[in-house]
Amino acid sequence: MINLALVIFLCTLLNQIVSWVGKSVLQEIAFTAYSWVFLSGTAAKQRKLRKQVLEDKAELGRTSSQDEFAKWAKLRRKLDKGLADLEKTNNTLSSSRSSFSKKFSTLLWLMTTGAQFLLSWWFRKQPIFWLPEGWVPYPVAWLLSFPSAPIGSVSSGAWGAICRRVLSTLQEIIQSVLAPSPAATGPVPTGPSSAKNDQPEAKIEALALEHEKLD
């Protein structure tokens with residue numbers, strides 16, 4: 001019983017981790033590791049071809065097609081061949097990435113959603129654990145034992161739903177704790193109004209200066 005409850009919890013936890021981190025992020029990490037092990041030679045060839053193509057382009061740009069036509073034509077043929085080889089290598093890596101993405105998505109679905117469905121259906125009649133007698137009303141007891149577990153027990157499907165709810169609530173709590181607090185709003189500046197109030201005084205001072213000049 002305890003092992004089954006733990007297995008269902010771990011499957012639910014794995015599913016939630018995939019949801020939290022993101023499928024695309026996990027796929028990118030997995031493909032990077034896969035490329036490092038199985039596609040290192042092709043990736044090295046791609047880098048070498050890209051470097052050679054850039055060098056050939058630079059040298060071709062420095063060569064005059066009129067004054068050095070033979071050299072220019074040779075460089076042009078070399079550049080065209082390098083571009084063709086680079087495109088072929090890029091297509092190989094792109095095809096490998098597409099194939100890996102499909103296999104990874106299938107494997108991830110089997111390990112998360114598929115495993116949860118299989119466990120809930122295969123152990124649908126087996127109670128995960130029993131509740132104390134009379135601890136919950138009959139409608140709640142029937143709901144916890146849905147679809148085929150004995151009344152008074154918690155079924156595999158109900159246990160999986162409880163685990164998902166607890167993990168989702170835990171995620172919300174962590175996000176609310178780590179979320180930055182809103183910045184406090186400061187007092188509204190009163191600069192323009194004070195400037196307006198100072199204008200009459202300035203006018204009075206100007207008039208006083210004019211009277212002094214006249215005197």
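Glycine too: its Cβ is placed from the backbone N, Cα and C atoms.
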Any idea if LEU4 and PRO180 are on the same membrane side according to Swiss-Prot? no
Feature transmembrane segment in Swiss-Prot, mapped to one of the ranges 5-24, 25-44: 5-24
